[in-house]
Every structure is written in C-alpha cells, then in structure tokens.
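Annotated active site, nucleophile per TrEMBL: CYS414, in sequence order. Per TrEMBL, the feature active site maps to CYS414. The feature S-adenosyl-L-methionine binding site is assigned by TrEMBL to GLN289, TYR318, GLU339, ASP387. The domain 'TRAM' feature in TrEMBL is assigned to 7-65.
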Amino acid sequence: MPKLKPPVEPGERIQVEITGQSHTGDGVGKVEGFTVFIPLAIAGERVEARVTRVKKTYAHARLEKVLKASPNRVDAPCPVFERCGGCQVQHIAYPVQLEAKRKQVADAFARIGGLENVEVLPVLGMKEPWNYRNKAQVPFGGSRGRVRAGFYAAGSHQIVEFEHCMVQQPENDRAIQRVKERVKELGIPPYDERKHRGVLRHVMVRTGVHTGDVMVVLVTNGPKLPGRQRLVEGLREDIPGLVSLVQNIQPKRTNVVLGPENRILWGEPVIHDTIGPVRFVISPHSFFQVNPAQTEILYEQVKKHAELSGRETVIDAYCGIGTIALCLAEDAARVFGVESIPQAVEDARHNAALNGIDHASFEAGTAEEVMPRWAEEGIRPDVIVVDPPRKGCAPEFLDAAVKMNPDRLVYVSCNPATLARDAAYLKERGYVNHEVQPVDMFPQTGHVECVTVFRKRKEEGRL
Ligand code: SAH
C-alpha cells in the first residue's frame, strides 16, 4: 500500500470540528480524515489549533481559539489547570465527564473486545468531585535559593508550582507547603534531574482520612540528608497529625519515585486508615486506593458481585495490602491473596491480624506465577477477584483462573482497554460478562475504574 502523506505539518494552523474525547481527555477531530488530538478541546466544539507533532496516523495540536464553544464547557477552577499535567478535564462539566467515561468504556468493549452487547452502566460519580485524593507525590527541583515543588507539566518534567491542588485533601497540600518552607529555610538542596545532583527528589504525603494519620516520605538522592535533625523537629511542629516521617533513598537516575530503602526519621513506619469497618496499616511502598470515598463505593460493587454467603473460598489477586480480601473475609470461609510487592504482603498479613481475621492468607509473588501453582495444589475458589495494574491480567493468570473453575470472577480494572481485551479472552474460555459498572475514582482526570463480573456461560457450565 502506498504511504499516504499526513495532510498536516508541525506549526500549521488548522480548524477542526471536535467529534470525541480521547481516553486521556483530549478533544479528537479529523482533518481530511486524519486524526488530530487537541488537549482542552471538547466534543461538539469547533476550534482553531496549531499542529505540534505529526505521527504516521495521527497528530497533536495546541488549542489556540475556541470558535464555537460547547455548552458543556465550564471555567476550570484551578489556576494552573492548563499548565499542570495532573488533571485533564476540569474544563468539562462533571456530568459530561462521567458520560464521556461511560462511552470510553463502551468503545473499548466494542472496538478492542469485539463485545458490543456488554452494557456499560452510568458511571457512579462523586457529589463533590474535588479534594478527594489521600496521597500527593510532588517532585522538588530548582535550586537551593529557589526551591520549586509542584506537579509535572503534561508530557514533560517541568515543575508547575501550586499552593492548593484542587483534587487533594487540604491536609496533603499543607504538609507539602510546610516541607517546602523548611527545606528552603534549612538550605537543603533540591534534586537536579539533569546533573543527577542535589538531595531532595520528591515528597510523598499520605493521609488516613478516617484516622487523621499523616505520613510524610522525603525521597532523597542518597543516604545524606543535611539538616536532618532540624528538619525532623520542624516538621513535627508544623504538620498536625504527623505519625510517620520517613526518608526513602532513590539513588538511581530514574522516573521511579521511590527507591528500595526506607529509613524512619521519626514516629511509626506506617499509618492507619479504615475502609468500612476494616482497619489497615499502610507503609510507604504499598498501594492504597487514593479516593477513599469512592473506594467504599467500588468495594460495595465488588461485594455485590461476589455474592458471598459465608461458605465460599475466595481468591483476591493483585491484592495490595489485602484491602478487598479483608473486606470480603467476614462473608467468606477462606480467603487467599496474592501480590507482587513483598512489603504490601507483609502489610496484608499484619492487617489480617489487626482485624482478628485468621482465615485469610497472603502470598508474595506475581499472580501469573502463583495462580498456576495454586491450581496445581488443588485450590478451588468459588469466587476470584482481580484488580490488576493498567496492563491487565497475564494470559497465564487467566488460564489458571479458568482451570480453577470458579463460579464468578469479579474484575476490578483501572484500564478499560485491557479489561476489554481480557473480557474477550475469558469469553473464548467460557466466562462471560453482561454489564460493566464504571466508578469515578479520579474526577477531573481522564481515568476511569470499572467493576464487572464474569460467570460461566450456562450451556458450558460444569457442575
Ligand atoms: N486490590 C488492591 C490493590 C490494587 S492495585 C486495592 O484495591 O487496594 C494493583 C496491585 O497489583 C498493586 O498492589 C501492585 O503491586 C500489584 N501487582 C502488579 N503486578 C502484579 C503481578 N504481576 N502479580 C501480582 N500483583 C501485582
């Protein structure tokens, strides 16, 4: 086939009708049939834009002027919204954000999974879709005299400073600002990514919203932390609720925020929080859902689909610190969890003990290694719950899951594309889903979370 030359060039000014919204929240339109992504443009608008990058099959452009505005356009309340890469869709009315997410999931099922018949329900959103995040992770940069702390601009490592992030719990913001002030005052050098010099790389703050516990993690380029004692004393004074102050050492040239080693500077190595009646310890490396209010709603959906009566054996795969496993435990006979981060598995075991749950056990390892072994060992779950990272489940994992012949497989997904792929894979192996329930865990961003249940297809079901 002859290669067609793209009809646009970098630097060119174009006029585009926006026909859809991409999974990252960009407006999508066509120029002579060629796809153009335009951040900050909204479906239904006509805009003028400047082409910034041209690839073989699509281009990116920068919005210059809205020629015909959508009625769904709202003023983004955050002053740095257009520069910061944290949120992508603050300029779209919230109910429309939710509908765009629903459509994104339906499109993934139709296009990637070839599953047009799966119904995608309206997204369960938040009443107040702001100030929800319990965790902030902020890069530090600049120089000793001019310390910068903020979020990266979209697609770059330029730090956009802010005082108040509209999707963060205010406690997290305040803690970050306090660290910044102390770091300035004590002359602690921020990290220079290009030269791989300096000390403070990132600050992570996590708040237990139900306990008030605050954890601050200072990520440093090496073991040295000049002014350490005074910093610790200062932060203890400044940050109400501080329970855990940790230094994490990340000596590598990498985008991975946390290094392997944690040193407790003051207080506890963990903080506590609760989901429903269950109490959890959370350590710096462990995954913990970032939107506590919506986590309750997400887990209610998991519970509903798990349909437990107290007699079932349940597997929670990709279990993190055991949150789903332990929330289901009171209605199950036996619970197994598997998770790849050893520290999280330790937390999961600790959490089981903390809640007096003695019929849950957790294993460290990848789900794709451990599940086939469990299948060999004869573990026969009635219900499997999976909550994989963005890349979805490995085929080896799904093969083992099917081999275990569970009655239900509840899938929690943060990426509709891999969910749809895995749904098609499971369908070929006799497990089908009919409905997907998206839950808005990340208002103002393009991300969407889903829950769905796969059951053995009736005619192929074995009893
Ligand atoms: N269900 C938990 C965690 C979900 S996040 C909760 O709701 O809090 C996904 C988890 O999968 C993370 O803890 C991550 O460390 C883990 N993980 C990533 N790849 C994995 C793999 N191949 N096998 C097992 N766990 C994995």
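Positions of Cβ are set from backbone N, Cα and C atoms, glycine also.
All TrEMBL annotations are machine predictions without curation.
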Between all pairs in GLN289, TYR318, GLU339, ASP387 (listed as S-adenosyl-L-methionine binders), what's the biggest Cα distance, rounded to the nearest Å?
15
Determine the most Cβ-crowded residue among the binding-site residues GLU339, ASP387, using a 10 Å radius around each Cβ and all protein chains in the structure.
GLU339
Taking only the Cα atoms, work out how far GLN289 (S-adenosyl-L-methionine binding site) lies from CYS414 (active site, nucleophile), in Å, as a whole number.
11
Under 8 Å by Cβ from the residue listed as 'active site, nucleophile', same chain, sequence gap 6 or more:
PRO389, ARG390, MET441, HIS447, VAL448, GLU449
For the domain 'TRAM' (7-65), what are the DSSP-based totals of helix, strand and coil residues?
0 helix, 36 strand, 23 coil
So if I measure Cβ to Cβ from TYR318 (S-adenosyl-L-methionine binding site) and keep only same-chain residues at least 6 apart in sequence, which ones fall under 8 Å?
VAL338, GLU339, SER340, ALA367, VAL386, ASP387, PRO388, PRO389
Give the number of CB atoms, excluding that of GLN289 (S-adenosyl-L-methionine binding site) itself, located within 10 Å of its CB.
20
List, in sequence order, the residues of the same chain other than GLN289, TYR318, GLU339, ASP387 whose Cβ lies within 8 Å of the centroid of the Cβ atoms of the recorded S-adenosyl-L-methionine site.
PHE287, ASP316, CYS319, GLY320, THR323, ILE324, PRO388, VAL412
